[in-house]
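Read through the structure below, which is laid out as structure tokens, and then see the notes.
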Amino acid sequence: MQFVSWATLLTLLVRDLAEMGSPDAAAAVRKDRLHPRQVKLLETLSEYEIVSPIRVNALGEPFPTNVHFKRTRRSINSATDPWPAFASSSSSSTSSQAHYRLSAFGQQFLFNLTANAGFIAPLFTVTLLGTPGVNQTKFYSEEEAELKHCFYKGYVNTNSEHTAVISLCSGMLGTFRSHDGDYFIEPLQSMDEQEDEEEQNKPHIIYRRSAPQREPSTGRHACDTSEHKNRHSKDKKKTRARKWGERINLAGDVAALNSGLATEAFSAYGNKTDNTREKRTHRRTKRFLSYPRFVEVLVVADNRMVSYHGENLQHYILTLMSIVASIYKDPSIGNLINIVIVNLIVIHNEQDGPSISFNAQTTLKNFCQWQHSKNSPGGIHHDTAVLLTRQDICRAHDKCDTLGLAELGTICDPYRSCSISEDSGLSTAFTIAHELGHVFNMPHDDNNKCKEEGVKSPQHVMAPTLNFYTNPWMWSKCSRKYITEFLDTGYGECLLNEPESRPYPLPVQLPGILYNVNKQCELIFGPGSQVCPYMMQCRRLWCNNVNGVHKGCRTQHTPWADGTECEPGKHCKYGFCVPKEMDVPVTDGSWGSWSPFGTCSRTCGGGIKTAIRECNRPEPKNGGKYCVGRRMKFKSCNTEPCLKQKRDFRDEQCAHFDGKHFNINGLLPNVRWVPKYSGILMKDRCKLFCRVAGNTAYYQLRDRVIDGTPCGQDTNDICVQGLCRQAGCDHVLNSKARRDKCGVCGGDNSSCKTVAGTFNTVHYGYNTVVRIPAGATNIDVRQHSFSGETDDDNYLALSSSKGEFLLNGNFVVTMAKREIRIGNAVVEYSGSETAVERINSTDRIEQELLLQVLSVGKLYNPDVRYSFNIPIEDKPQQFYWNSHGPWQACSKPCQGERKRKLVCTRESDQLTVSDQRCDRLPQPGHITEPCGTDCDLRWHVASRSECSAQCGLGYRTLDIYCAKYSRLDGKTEKVDDGFCSSHPKPSNREKCSGECNTGGWRYSAWTECSKSCDGGTQRRRAICVNTRNDVLDDSKCTHQEKVTIQRCSEFPCPQWKSGDWSECLVTCGKGHKHRQVWCQFGEDRLNDRMCDPETKPTSMQTCQQPECASWQAGPWGQCSVTCGQGYQLRAVKCIIGTYMSVVDDNDCNAATRPTDTQDCELPSCHPPPAAPETRRSTYSAPRTQWRFGSWTPCSATCGKGTRMRYVSCRDENGSVADESACATLPRPVAKEECSVTPCGQWKALDWSSCSVTCGQGRATRQVMCVNYSDHVIDRSECDQDYIPETDQDCSMSPCPQRTPDSGLAQHPFQNEDYRPRSASPSRTHVLGGNQWRTGPWGACSSTCAGGSQRRVVVCQDENGYTANDCVERIKPDEQRACESGPCPQWAYGNWGECTKLCGGGIRTRLVVCQRSNGERFPDLSCEILDKPPDREQCNTHACPHDAAWSTGPWSSCSVSCGRGHKQRNVYCMAKDGSHLESDYCKHLAKPHGHRKCRGGRCPKWKAGAWSQCSVSCGRGVQQRHVGCQIGTHKIARETECNPYTRPESERDCQGPRCPLYTWRAEEWQECTKTCGEGSRYRKVVCVDDNKNEVHGARCDVSKRPVDRESCSLQPCEYVWITGEWSECSVTCGKGYKQRLVSCSEIYTGKENYEYSYQTTINCPGTQPPSVHPCYLRDCPVSATWRVGNWGSCSVSCGVGVMQRSVQCLTNEDQPSHLCHTDLKPEERKTCRNVYNCELPQNCKEVKRLKGASEDGEYFLMIRGKLLKIFCAGMHSDHPKEYVTLVHGDSENFSEVYGHRLHNPTECPYNGSRRDDCQCRKDYTAAGFSSFQKIRIDLTSMQIITTDLQFARTSEGHPVPFATAGDCYSAAKCPQGRFSINLYGTGLSLTESARWISQGNYAVSDIKKSPDGTRVVGKCGGYCGKCTPSSGTGLEVRVL
């Protein structure tokens, strides 16, 4: 406590004053002990006093010393105590009022104060981020202070005109008014800022307020106005106009275009940000109404603000926000806007807040992202966030004149509703208000948008600069217009939710009272700054620096704060010095009268007139509320249709801009604008989008179209004030008139008739179908393809009556969908690329149309079906009342009557028309009949309340309603009470009697359930007992419900279920049909043994189809010729039945039809004699022709194959005729060769060189498989059986042999200068120094038989040089004969078999070169020319022409992964298609029947990294994920991998030694009682080795010392206390009276004893009786036992009990005790669940209880219901549970869509997905995963969406369950999809399941079925996605 230090300071001050001897001596106070801020204050004061306020009560009496106002702390008390600041030791209640007294300046001041929190929200919260720094130690030194209760407002000395505004936290801080002027008071602060808020008599400074003297100004500096529109600017070192700005919205209007902003605003429309509005509890309601708006604001102050303002920060910020709130209360804004601060976040450490730098744009972006993270649904919600910083923010590196920054129109966007403001003193409030204006979509007052509103000079809140002419308290007309339109258009829905009601009123105090004019200068220009004297007061605040008043007065053009004193008795208000108003009344606004309706917006076609009213009778003043209610109303005008030749109204508005190019690149000066309809978002339909004629580029030329403009081409709705409003075809606002099928607005379909027909005649070219007359409506034409394919060579066409084609003319067909405008009508065409080609239009056609069909190609018959409505001719029509209309509803639910409705009918076609047609005709009587005859209506008593008196007479209420009693089943159904109005309703109140007993029912165990399933009952007995378990009469327990019977086993029994019968397996004759039969329990299939086999339905039964038809062939007819070659015919008929009835040939199998023609040959003919002329026969044969079908697919996928088609002879009627009738015509080919793509061919490159240079070696070559373009392909694409050889033998010349002596090669020397270096020649002949020298013998010239050898012989001298004079006769031989053995000869074997039986085959034999001993030699060793042939032709005779090999299609690969093979059938076939033996085709090369193939990649186990050890010390486990995977990304089921090679997923690990934890017990506390047995406690904690306290779970629980023990002191004394007897419990018969009997402890010092419930054994003696019998008179009433229904079983499994109520009641349903107890029915019985308690509840229990180790489906008991769950990983210790999805992966999938629009600002095709979109498919995060099973956590009942073990990713990356997204468009056009279908699983999603959108422009559209089993969603953005909320997860429940 700091009282001593304050007392010392006060003593020193008093001593200093005494030494000075006068009041003026106060200036000589020891100021070195005061805070510097107060030192400066005292220096400016002419007089002041030091006082100590005293808190008093309302009578002026001092409070006790322990009562003092203090600043409250956030604690649990604040939740229950509305004013915790007042502490009292007594039991007096706290109050919101406070009274203080002080003496100063010779006067007594008595303060009467009332709490006043102003603008602070009831749940206002202050959040501190980080630890205060060294220089911030005084900022919330202990815990955050609650300032809401600090603010008080009241009056002085009982005079309400003498206002006081005081903050009572840490002393009295504020101002008050007296008869002699205004006073200020504040507590003294010491040098170190210490003060004691608990101290009562704290010294305060009190001083008068006087106007400062000022000197004239020397002049003003010029203001610099920047054109930059993006930021606010501020002063630097010289006077400068301050700039405010905004971030420009990308879609401007025409005014912005004309000002040159088109480049930025129209670079590409659609880049406009499409804000995602936060969905709040309020839905969009009616527009153009003024609603109260509540702007919940988060204010964030950075660490620089903390450093600058210190402990005063919160006060300062609340003062700023009070000014902002008052600005938004000004009536000039035209709306009721309430600014409410809900949260203040103070950032001590820079790292804990958003990144703040000098760059304003970056800071805003960082702050917006940061604040969104603080706006969680479960936390403190805010609508917008404001950042206050002392950081000098800049719009560029060298342009730091920015004061604030915000984006336009983002108030309800949770990601972008934020702004930043640089703190510059109290004028910061105007910056905050300005930036919030941008958030409300207000432009600057000098913006081109505002010129239309007549704002010529920016002088209001949204002025771009704050200068001398600015009025920052009021709003311009432009600002009012834009915020009103913004809110009326529905962009402020999040502001409709009102914060919780405030506990007290919130008036606003003026900031100038809290901050004097010098303090305002310091806040702007720093410490030491003071107001410049002699300047104009209030209008602008001029401040000087510390160097003197004449050296640098400067201003930021901000006015003095409201409430700043300017002259005696006056203060500043809105920049003017005005008299102080003592008690300004608050005036709420009220609506004025409606203005007359204005001019019509259109001259025809439905315009709008508008009337408005202003909030001006009166206007809101002095903080009053703005009007609430409708401000505009509309009515239709000029609704008559426009002339047909008049241009479209939207077209006229676009044409207004013809010739205006707005400086957009690429637009010509004569540009022409036309309306843009398609591709515009629904919410933008009332903006004027125009397209450049002849181009696709479009732009927004106006913010809104003219009122009355249709919203689109396909609707009657019209635009009003930029919103699409409902209108009818009569062009009247809010009309529901629609055109009937005849095109008549509001018609009854009676003015037209329907014309319908078909057309199927074919002729080449254009064929006329029908003429559609002018005036036709509802045209629908469809052309069905004959084969269901899109390509059938028939196309619809339209032409005008003049023959001009409108669609598909001149043999040019439109394949894509298109629209055709014919006058004012729009005709839609589906395009020719559809199986059903369609032309349709609902509009009235004003000209005649000719419908045609274009037939080309193969001239298939068209199938055209058309219908349209045409006006009825003007002849009179007859109408009559038809009494046989539909039955109307029954007049009553029971015993009522219903009648047929009379309908007006047209006689000509019996069409029902409007009743107006029959108005003047007499109506016949109604046809009636009784209805609801199977039930009755009566009043039903549903229930009775308990008796109002527990003892004696009372009453109870009855729940009575009108009920429908069914006579059939006796059920009761509640209906409206009005149906029972014919019967008097019984009273809902009846008398009753309380039994005055304290008894209760004691039950026996429930009996076993009477049925094991399908609902049985259980019973139990009930006995009435008292608290001592004494048995009482049952009448003593009638106040409690007796439950002795209950229902049990209410789940259904397993039942046989059967599917639909299949079709009969035969089409004729007798066959069978099948159906599935299974055992089902709920939604689950069980094993058949679970159902009764005796009742199993049959699964197969016989079926009888019509008798089968067969072919019957007649005898052959005569040969067609009398000689030579001819043919014979016979009749072939299709017959059926015993009587052999002839039926159509289509009823017989065409494949088995016998031939009806054959060749015949008679003797050859002799040449006929020449005849002069032959006469032509006049017989005309029937006209026949060959018809053929389409070719089948080629039998081979590559290379040569075959294809076939159906060929049939048809007569002129198209019926099948005998082929003989077409014999004279060439028969079309029915089978031919085909080739889809060439197969791969083997390509062999050149042989390599031989591997040796002599002798035998090997040569190799490369063999590749290439396609038709010679590109290398996989070898499996080529025939493996015909692969060329890749290596072969090769022979080189024989290798030389080495001699044993020299090792030199035996060949003659070729070089005459050769000189041996070593050995001497073998033979030497010497002559005169010259000698012959010989070389070695060469090889034998022949390898066999006789040959010769040669050697070199040379003449050399003694030196070895060549000489010429050697003796010739002794010259050695140069050649000699040699013998190498016998030569090899050609040997050959026998010829092999011929490769073909005919047509020229090949046969081969073995031919080798060898010696007689069998030694083989290369072929070159024998004479090649003599080599016998090793192959020759054979069987060269011609083969039959009608046999060939035929191949079937290749089978699928034999393996699903890895290498395998596939095969096909190869068979020999005759020309007529019949099969032959293979020998007939042996002469042909047989195609291969086998080939290699390769499946996908085989799944393999993939093990992840080991996790960290499960413990930080000791022995633990490590785990890793082991999954079955295909490739690197695709996840497979674990069953697809080999379970025996699965890597381990868990292993042991060893951590460091664990620390030792022990229990530590502290000292015992005092005993809880002063007498008798009590208890005492002590604290027992767990500590570590260092004696530090840790969590108790770390110590051994078994060794924990006791923390409680009994303590026994002196015995207590007790006494019996009895009460008065009650009245008798009954009015007749035997009853009893009661009284209270209590054992009470004797307390010392108390005169009276209290009733208590001490145990009775403590009291001495016998307990006095508490019940006494009584008898008043006999009861004449008889009674019977009545039983209720059995309750539910007490256990979910095993044996339990169930109960029912048994009551003794009189005939009047009154409780009685006259029933015979021996006849009482049982009230309690045992029950047994059909399933025993050993049913497993998870897969781990399945493994433990059943010993199962196989993965599969098992029944688990989940939340009381048996469900089928798939258990996976049963071989491991931790199996997992999965839910098998009954509807499979077709309805359970997740997708991240991969396409991205080239122009992401569009949403083409109205959001539909099209593969032909203008897209690129490059989104890297795309993927598609489908799910067969999903994992479930049975503990939390949550779906684990990221488990993909049973998911199949067919495209891209895996996508978690229930997740979707895309990167498709930024225009709310989601394409990513997910689907959940839990039907049949027994589970459904809970209501808490939520999805959140993430990413940029993220949007989601999620639809849930009512039962939660089905969810479908579309999500996306640019780029965005939706995932289940992490807060709620994907929780499921058991159905």
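Even glycines carry a Cβ here, placed using N, Cα and C.
Secondary structure from DSSP puts E435 (active site) in a helix. The feature active site is assigned by Swiss-Prot to E435, with sequence analysis given as support.
If you look up Swiss-Prot, you'll see 1289-1300 marked as compositional bias 'Polar residues'.
Residues or ranges marked as disulfide bond in Swiss-Prot: C394-C400 (among others). For C394 (disulfide bond), the number of other Cβ atoms no farther than 10 Å from its own Cβ, over all displayed protein chains, is 19.
In the three-state DSSP reading, C450 (disulfide bond) counts as helix. Taken from Swiss-Prot, the feature disulfide bond applies to C450-C478 (among others).
The feature disulfide bond is assigned by Swiss-Prot to C532-C553 (among others), with similarity to another entry given as support. Its Cβ taken as reference, C532 (disulfide bond) is surrounded by 23 other Cβ atoms within 10 Å in the chains shown. When secondary structure is read from DSSP and collapsed to three states, C532 (disulfide bond) falls in the coil class.
Positions annotated as disulfide bond by Swiss-Prot: C538-C572 (among others). Reduced to three states, the DSSP call for C538 (disulfide bond) is coil.
Taken from Swiss-Prot, the feature disulfide bond covers C566-C577 (among others).
Here C637 (disulfide bond) comes close to C600, S601, R602, G606, G607, I608, K609: these same-chain residues lie at least six apart in sequence, with C-beta atoms under 8 angstroms from its C-beta. Positions annotated as disulfide bond by Swiss-Prot: C600-C637 (among others).
Taken residue by residue with DSSP, C615 (disulfide bond) is part of neither helix nor strand, so it is coil. The feature disulfide bond is assigned by Swiss-Prot to C615-C627 (among others), with similarity to another entry given as support.
Feature annotation from Swiss-Prot assigns disulfide bond to C894-C935 (among others); the stated evidence is similarity to another entry. A strand conformation is recorded for C935 (disulfide bond) in the three-state DSSP classification.
Take the CB of C1250 (disulfide bond) and look out to 10 A: across all protein chains shown you find 18 other CB atoms. Under the heading disulfide bond, Swiss-Prot lists C1250-C1290 (among others), citing similarity to another entry as support.
Taken from Swiss-Prot, the feature disulfide bond applies to C1254-C1295 (among others), supported by similarity to another entry.
DSSP gives C1265 (disulfide bond) a strand state. Remark: C1265 (disulfide bond) has G1240, Q1241, W1242, K1243, V1272, I1273, D1274, R1275, S1276, E1277, C1278 as non-local neighbours, by Cβ distance under 8 Å and separation of at least 6 in sequence. The disulfide bond annotation in Swiss-Prot covers C1265-C1278 (among others).
For C1670 (disulfide bond), the same-chain residues that are 6 or more apart in sequence and have a Cβ closer than 8 Å to its Cβ are C1624, S1625, K1630, G1631, Y1632, K1633. In the three-state DSSP classification, C1670 (disulfide bond) falls within a strand. Look at Swiss-Prot and you will find C1624-C1670 (among others) tagged as disulfide bond, backed by similarity to another entry.
Feature annotation from Swiss-Prot assigns domain 'TSP type-1 2' to 878-936; the stated evidence is sequence analysis.
When averaged over the domain 'TSP type-1 7' (1182-1240), pLDDT in the model lands at 77. Per Swiss-Prot, the feature domain 'TSP type-1 7' maps to 1182-1240; the stated evidence is sequence analysis.
Checked against C394 (disulfide bond) by C-alpha proximity, the disulfide-bonded residues C532, C553, C615, C627, C894 yield C553 as the nearest. Rounded to a whole number, the distance between the Cα atoms of C566 (disulfide bond) and C572 (disulfide bond) is 6 Å. Between the candidate disulfide-bonded residues, C600, C615, C1254, C1295, the densest Cβ environment within 10 Å is the one around C615. Neighbour counts were taken at the CB atom with a 10 A radius for the disulfide-bonded residues C538, C935; the maximum falls on C538. Reduced to three states, the DSSP call for C1624 (disulfide bond) is coil. Among the disulfide-bonded residues listed here, namely C553, C566, C615, C894, C553 has its C-alpha nearest to that of C1250 (disulfide bond). Ranking the disulfide-bonded residues C572, C577, C627, C1278 by other CB atoms within 10 A of the CB puts C577 at the bottom. Across the structure, C532 (disulfide bond) and C577 (disulfide bond) are spaced 17 Å apart at their Cα atoms. DSSP assigns C394 (disulfide bond) to a strand segment in the three-state reduction. When the disulfide-bonded residues C450, C478, C538, C1295 are compared by Cα distance to C894 (disulfide bond), the shortest distance belongs to C478. A helical conformation is recorded for C478 (disulfide bond) in the three-state DSSP classification. Checked against C577 (disulfide bond) by C-alpha proximity, the disulfide-bonded residues C615, C1290, C1295 yield C615 as the nearest. Nearest Cα neighbour of C478 (disulfide bond) among the listed disulfide-bonded residues (C400, C538, C553, C566, C627): C627.
If you take the Cα of C615 (disulfide bond) and the Cα of C450 (disulfide bond), they are about 22 angstrom apart, rounded to a whole number.
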